[in-house]
């Protein structure tokens, strides 16, 4: 080691008085290692070395030596000469303690660093290395194999989103990084990246107690992750903790269908139960006992993992173990022959990747015993073998595209409200939906019994094993758990189905699908004792999300206020420093303060507007749980317990009007009490009278009871409290009633009031509303050229089409409730502000001087928007022969953004006319140098043809 480096080392040892100071020294040395400026190097050296000369940065070679003593990379040391290699074995006692320093360096890297520090020419070469190579690897980086690197983007719960969790930086101390990851886990226990970093940090310190504690916490969230179980087993086995290893096997083997994990178990079993060589004696009880233990272990493994296509090596090892069995005597030879034939016949019936090799071995084995009996046995098993070999090709087509991430992640459509816009990323949404659909198609294929198995027990074991594999990688997808429970119900294993739903609720604590399904299953099997706790737990989860989102909003508003106060204080300080502190603020300064106040209010309004859809959506989610809770109790226990739940719900600060309506309708239809129902609506009107959607529902209820006097009184009472643009749904609902059941005087009065409220609305629109009934409309499509919103020859066909598009079919491009509301709101705005025209019509009704024509919306409800047919989408993303692969992902994302065709009710254009318009448009397509006739619709237009 050079003299300069030795002096730096001695000075550093003197400065090691606390762990915090050690971390600061490490951070400074890291800065020096990546090549900061000479001034920064001098400051860092002054902090780390109190005895260094003032000109420590003048000597570049000395700096390189000092840096290499701590941070030189192992790859750069390969360029050192033979002298450096000879010094690599120098004792490490003269190096400073690594505790609190760069803790991810291995012993080999430390040895290479020591060797490199003794070779000055090599250090000069190392100084020219790229910064990314010279910087030590941070603790948080996981060393993944190729398959893990392919799926590593799926580890983070918000991977690929704009709302990434906070990441550590290289200047953080070890304790700071640990606190950061612990905080991330506290916020989101399913943050796999944070878990892996914490475990890696504990292992780097060789703290077995901390590592065990972290693994125990980790496996409560990720109980089926084979890679982490294997890492845990390797760690315990490296310390010869055999009791701990066996305890881990008891925890994970039965619930983790991983071939690698079971191979590890068999390897461990053979290690602790070594099969002694044969002594040649007639009987060797110890060896016979060991052999029985090993064969029992293989039978145990094959019972759980033998259906996996990658378990072929376990089958071949088991066959080899039986072949090596010593058998003396006729009955023992016969037993060995029967056992071997039985294992062969089981193996060739499973679609294994090495099934052809096993079949050839079986063929040779049978022919080696007796060629006459071989034909009989081979002919019996040949159909099963041919079926398995054929199914193997289909199995590969279904299973090869399946995504198997390093750790399961939470899908974007089930993330919490705190995720913000991350759950609205269409590209990520589509990608994860395709991955889930691929697994679901594979599971459906397994349920279809492609092997034509006659043994029901074997078929059921194979399907349930497939579902277990699916939950290994899609643990946080409620759909998989639900489908597994439905399959178990279909084969009359109801109790096991309930267990799957319970496990699914633990994995997906906020899943409405699983909680509702569990309550439904409990009701079906007359076991409802724990269903109330299921509803209460789901309510607590949703309410906690609402409170957290509201707290985040208040924190954001407080931060904005603090920033504004800080700006004001800085302005006051500036004026005081300029000598204007006692002088009145001039007009220009007051104007700046006024504008700053306006900007502050705008910023607050933006934050509130951004949070409102999330909070309102969560409140509606809470309302749905309350409603389903009431319905469940009414069916199982009667109306009184349901009323008790309603009493609890209306006292909640997060209750919405839907809960009141559900209770009122329940009283009306189940208790046959219209008076109580009306009182519930009136109670809700006091709180939600400003909600036009609730008013419309109340009107519907009164009209359905034929209580026209109260309905008219309600309409007159509330219509004046709404602005015209907000009152549109109420006007439309009352107009629909008057058009159908009112007299001519009432209709004329209503038309006059509508004309006063909406003076720009065309008369033709109101006439269409008066002349139509539900979805029967002839004036619009036949006389005015307005295409019908719903296609179909009859009302029945239109109803079927509406149910197909707006129903609850599965599909990756089904719109969320929030997006539906956004589309509805935009449509409502279009009713009052958009332009409405038919082909050939002028921009005003009746010619010049008339009011502008508005966009027309039908009274009948449009179906839910869907960009594609759901069934077709599910098929194209899941099957082995993908029919949509020709479309780039960006095109699919754009197509997904397009609204449904049924939402369009304006004028229809011919595609040929649009293409001709595009062809003749003067659109610049090139840069300035190439701009000309070809770029403005000249010769360049030929490329459209």
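FYI, residue positions are counted from 1 along the chain as it appears here.
Cβ atoms are placed via backbone N, Cα and C, with glycine included.
Residues or ranges marked as compositional bias 'Basic and acidic residues' in Swiss-Prot: 1-13, 801-824. Taken from Swiss-Prot, the feature compositional bias 'Acidic residues' covers 40-91, 579-588. The feature compositional bias 'Polar residues' is assigned by Swiss-Prot to 120-136, 150-164. The region 'Disordered' feature in Swiss-Prot is assigned to 1-24, 36-171, 568-590, 801-868. According to Swiss-Prot, the feature repeat 'HAT 1' maps to 172-204. Feature annotation from Swiss-Prot assigns repeat 'HAT 2' to 206-238. Swiss-Prot lists 240-271 with the feature repeat 'HAT 3'. Here Swiss-Prot flags 289-324 as repeat 'HAT 4'. Annotated repeat 'HAT 5' per Swiss-Prot: 335-368, in sequence order. The annotation repeat 'HAT 7' is assigned in Swiss-Prot to 458-490. The repeat 'HAT 9' annotation in Swiss-Prot covers 672-704.
Per DSSP, the secondary structure of the repeat 'HAT 9' (672-704) breaks down as 28 helix, 0 strand, 5 coil. Listed as Cβ neighbours of the repeat 'HAT 3' (240-271) (distance under 8 Å, sequence separation of 6 or more from its ends, same chain) are residues 219, 223-226, 229-230, 232-233, 293-294, 297-298, 301, 304-305, 308, 310-311, 313-314, 317, 465, 468-469, 472.
Highlighted: of the candidate stretches 289-324, 335-368, 458-490, 672-704, 458-490 has the greatest count of Cβ pairs under 8 Å to the repeat 'HAT 2' (206-238).
Across the repeat 'HAT 7' (458-490), mean pLDDT in this model comes to 96. Outside the repeat 'HAT 4' (289-324), and at least 6 residues removed from its termini, the chain residues within Cβ reach (under 8 Å) are 253-254, 257-259, 262-263, 265-266, 269-270, 273-276, 336, 339-340, 343-344, 346-347, 350-355, 357-358, 361, 392, 395-396, 399, 461-462, 465, 469.
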